[in-house]
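These come from TrEMBL:
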type	residues	note
COMPBIAS	467-477	compositional bias 'Pro residues'
DISULFID	Cys264-Cys276	disulfide bond
DISULFID	Cys271-Cys289	disulfide bond
DISULFID	Cys508-Cys523	disulfide bond
DOMAIN	99-257	domain 'MAM'
DOMAIN	304-434	domain 'MAM'
DOMAIN	524-680	domain 'MAM'
DOMAIN	690-846	domain 'MAM'
DOMAIN	848-1006	domain 'MAM'
DOMAIN	1008-1171	domain 'MAM'
REGION	1-38	region 'Disordered'
REGION	443-477	region 'Disordered'
TRANSMEM	1188-1210	transmembrane segment
Amino acid sequence: MDSAWARLGAPGCRTQPSPHLTSWPEAPSQVSLGLGGHPASSHPAVSLSAAGPLGWTGVPSDCRAPREATCNFVCDCAGCSDETRCGYHGASPTLGAPFACDFERDACGWQDVSTSGYSWLRDRAGASLEVLGPRSDHTLGTDLGWYMAVGTHRGKEASAAVLRSPVLHNAAPTCELRLWFHAASGDVAELRLELTHRAETLTLWQSSGPWGPGWQELVVATGRIRDDFQVTFSATRNVTHRGTVALDDVVFRGCGLPTPQAHCPLGHHHCGNMACVESHQLCDGEDNCGDGSDEDTPACRHHTTTDFETGLGPWNHSEGWARNRSAGARHPAWPRRDHSQNSMQGSFLVSMAEPSAPAVLSSPEFQASGAHNCSLIFYHYLHGSVDGSLQLFLQTRSPGSPQVPVLLRRRHGELGAAWVRDRVDIQSQHPFRVRPERAVAGRGRVGTWEHRSGPPDPCFASTDKSSPPPGLWAPAPGPQLSSLLPQDFCEPGHLSCGDLCVPPEQLCDFQHQCEGGEDEQECGTTDFEPPAAGGWEDASVGRLQWGRLQAGESGGPGADGSGAAAGHFLSLQRAWGQLTPEARVLTPPLGPSGPRCKLRMAYYFHGDSQGFLALFVVEGGRREPVWQAPSSSGDWKADTVLIGARRRPFRLELVSLVDLDGPGQQGAAVDDMTVEDCSPVTATEKDAEVSCNFERDTCGWHSGHLTDAHWRRIESRGPGYDHTTGQGYFLLLDPTDPPARGPGAHLLTQPQAPAATQECLSFWYHLHGPQIGTLRLAVRREGEAETLLWSRSGTHGNCWHKAWATLHHQAGSGAKYQLLFQGLRDGYHGTMALDDVAVRPGPCWASRRCSFEDSACGFSSSGQGLWTRQTNATGHVSWGPRTDHTTETAQGHYMVVDMSPHALPRGHVASLTSEEHQPLTQPACLTFWYHLSLRNPGTLQVHVEEAGRQQVLSLSAHGGFAWRLGSVDVQAERAWRVVFEAVAAGVERSYIALDDLLLQDGPCPRPASCDFEVGLCGWSHLPWPSLGGFSWDWSSGATPSRYPQGPRNHTHCHFVLFETGVLGPGGRAAWLRSQPLPATESSCLRFWYHVGFPEHFYKGELRVILSSARGQLAVWRAGAQRRHQWLDGHVEVVSAEEFQIVFEATLSGQPALGPIALDDVEYLAGQPCQRLTSSQGDTALAASVPTVVGSALLVLIVLVLIGLGGWRWLQNKRSCPSRAETAAVAPGFDNIVFNADHVTLPASLTDPQ
């Protein structure tokens, strides 16, 4: 922890002559003391806005601002055009608004100045196949947002990528720079933020990690910068680092200097350059006017000022303090620059003492005068540790009385790498000294920290008699300095209670070590009646701070949170800081905590639209928002905030911003804070409830907090409904609501004791949307790596699906397990949901769907050959397909058997057998994708084992580079298995592979034909990254959805659709692809389509493409005027080689909410289209659909249309049945077992059409 004094001064306070005054060889930054000769006046007005209005005064929009007026954080032209190349776009901002660049439009003038191939460029996640960087930007939280990034660099030499800002001009003393960066640990060696001004380059921030997995916030204060300067952000990599770094949302806040004004508000000072500053900014050691005139007034000449540039002046010090400078600093947490000169060549005082030794600084002796104030202004620096503190004591000398120090101010903990202004007003009838001291942490704990004292800044006589804003600990008689040292037998940092010495890591861990619970006191729980305030520490550095206040004082609430008229609470108050306006207060380090940990509190909040009151959880470098006051009101309210399971150490942080000088007596306060149910070792009966329908609560499931995305328990309404009853509760994850930046959301159980060696976990899931992410199920065991049990990616239609997985436990081990659902944010348009989780003893039935991505799905290999699950991620597998079918990437998994003679001799068999499937109540279709090597591998036979073995399919066609679809009809009234047998042909370098097995109800359709009632029938909607990563979805007109859909389908209930409104800069189209089809001289493709848009000039388009080894040929397209009916489309297909049919949904105009839907696709192989129907808006390409024009054909078309209209009318009369008509009402269950498969949809949610 660094604590540094920077300028100290006292105007008009008379120094007592002393023969013992000695001059320090070196000292803190600047000190100013002053005595005012006027009676005390009222507190000056406090403004929360940044220094300097940003408005413009009637300058023409085509104005040409002088060079020094561009990029100076002040709008000199209408529309702020003079600032557009330095991070601001749009109309003139309001007073105090930040200048921000989100890189959505352009690079805002930032330029890459790297000298190697390792360089910066403007990029977005959706534009690159590389997944090493962020999957989303920080501004939008999706893959469509832009940021600046450096990609992987495969050079063998160390290199640095340097990003430089445009030339900026004149930063105010309050200027701070905020940005968000993304750099996973191990990817880069060092990150550095530097500011170049004239011939000096200041390091504002430097870090070698470790960094978290998501976006990290960085806030630095620039200080007052005169004339031109530039900021650079650099990433350095060496040979072992991949070097992936991203930068987003760069914000300069409070950087503009005040503009000239004809007249100043009351209580303000008119500067030499006609700008206006507040009276408390005079003689404070900072150039707030911009021309230095606020530091050169006649009143400032009477101040006693010490800036420690040439020595300590009249200040004395004992052992432990030394004058130093940033250049050549010996400790990484030391200030990078002093305050007086904002330069690393400037001097300040720093504490050099050991943590257990005192470091005391003493002012000269002053004699105050009468009832007037002697005011001390100083700048201090506390950074590098949460345990260090700086205390300011007043020691008086009066005849015949002991010298008892009085505590004037105490600052504790991490305040950031910046010089922070403070002020204390002193009244004394006796001579006095001011003594800053580095103090040990409270409650007998000593932090491991280094205290630096940079020169106390000006203590000067106030021209007004404004009372000092009370801190969290108001000035009060303090203990003797000697009493601040530990008086027990425990080591520094340990707490003594009875015969125990409690180490720091066991304090506030929600487990009592002391009999009286002393180790768990001051851990956040308090009613603020005791002055210790429950351990809450103010960490504000701006014009607001948190302070303990009594009801009725300072215009706050007339009673505390419990209604007591004389009670105390924690309230926002005025402060003397000059940096970030928000006020912050934190608990001591807490944890670890259990999943039920929560905070109960009473709160009061009354503010304008810019104000807020929020609670954060701070873990390491990450701040997670967990609560915000919902609205402004003038009454006390109560609320409960779930904190959840957290690692140690974490801290609770209250942050608030209000305008105390605004209308309506604005303010914020909290009271009656209670942290409860936080023990990580206390288990309840509810923790063992894994089976849950979420109707009552979340049972034994709790949300993880390693990311800011969360699962939420939602009641059925609007676009969502639960699976249990259709009107109950379920768990929902929306990747963009509220805006989340983390990699995903976790849902966990507490550690569970197995009930049997095998258990079956079943659940219902819902994955819906054009670009939804991945849902995974995993199991954790202590001392073992996490095991993935199940996963699904992308849309699975607007319906609930049942899934299950078998949990295998080691007999007699007694080891507990923990279940984990992970919702990954690798998609940003859609929702995922969970419901009706159940666990029962015994194994599960075989899964109806298997992609082999997570496991072998229980398949077992037998025979002389060996089926293996493999991936080609390394690119060096000796046999097998280059990509799988599920993901169509080398990282995907599949099952494969080596058919070479040395592995499987000619005529020998390798068998792959499934687990037992449950009996079928109706005929079903088993589909699978297979891949045969170019060299003839032999024969793939499919058998169904029920009572005996029955062969149902044999495949021995030549191989190729494509995966092909196989299907078999299955009927089984008893438990059954499927067996795949590979019979070898004895050919070298041959193989057979399997992927994506799916069992669905109903008979198997013809190739490339589908009515979409039970699924996609082999049509692939895999999102292609090159097209934007969007998918066609599967839905019905009777199912509620957040996405617009067709009124109902063409035949029954279900269809496929794509919402084009998600397309834009990050996506061009979405494809729906058939299985590979053999060459054909003439075949007919028929389908029904629906295209609807709000206006005719919004051009969505549906195209049919034939894709083959030769390329792609568009053979049909339909435009996009608004339609209210399904239309018939048909295409005559001709291809001389194997091909796939592709339906492409795309835009040819502005993005708009409008669905494109397909239904009843029918491919008639070898059958030419017998008749053509020319529907309005259809455009047939001459090369693909021959057209014969003649009167006879025209008559025929009219007759067909009339007949079609009548048939369509009959179809519409048979409206899509609601779920209430087709499914029995499914009973709920009381968190034990759920057996029903159906959902009853509430009538209020059904489509009115």
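Yeah, the Cβs are placed from backbone N, Cα and C, and that goes for glycine too.
Heads up, TrEMBL stuff is auto-annotated, nobody curated it.
Computed over the domain 'MAM' (304-434), the whole-number mean pLDDT of the model equals 80. Most Cβ neighbours within 10 Å, among the disulfide-bonded residues Cys264, Cys289, Cys523: Cys289 holds that distinction in the structure as shown.
Each residue contributes its Cα atom, and for Cys289 (disulfide bond) and Cys523 (disulfide bond) those atoms are 43 Å apart. Sparsest Cβ environment among the disulfide-bonded residues Cys271, Cys276, Cys508 (other Cβ atoms counted within 10 Å): Cys276. On a Cα basis, Cys271 (disulfide bond) lies 51 Å away from Cys508 (disulfide bond). The residues of the domain 'MAM' (304-434), classed with DSSP into helix (H, G, I), strand (E, B) and coil, number 0 helix, 55 strand, 76 coil. In this structure, the C-alpha atom of Cys264 (disulfide bond) lies 10 angstrom from that of Cys271 (disulfide bond). Rounded to the nearest whole angstrom, the C-alpha distance between Cys276 (disulfide bond) and Cys523 (disulfide bond) is 44.
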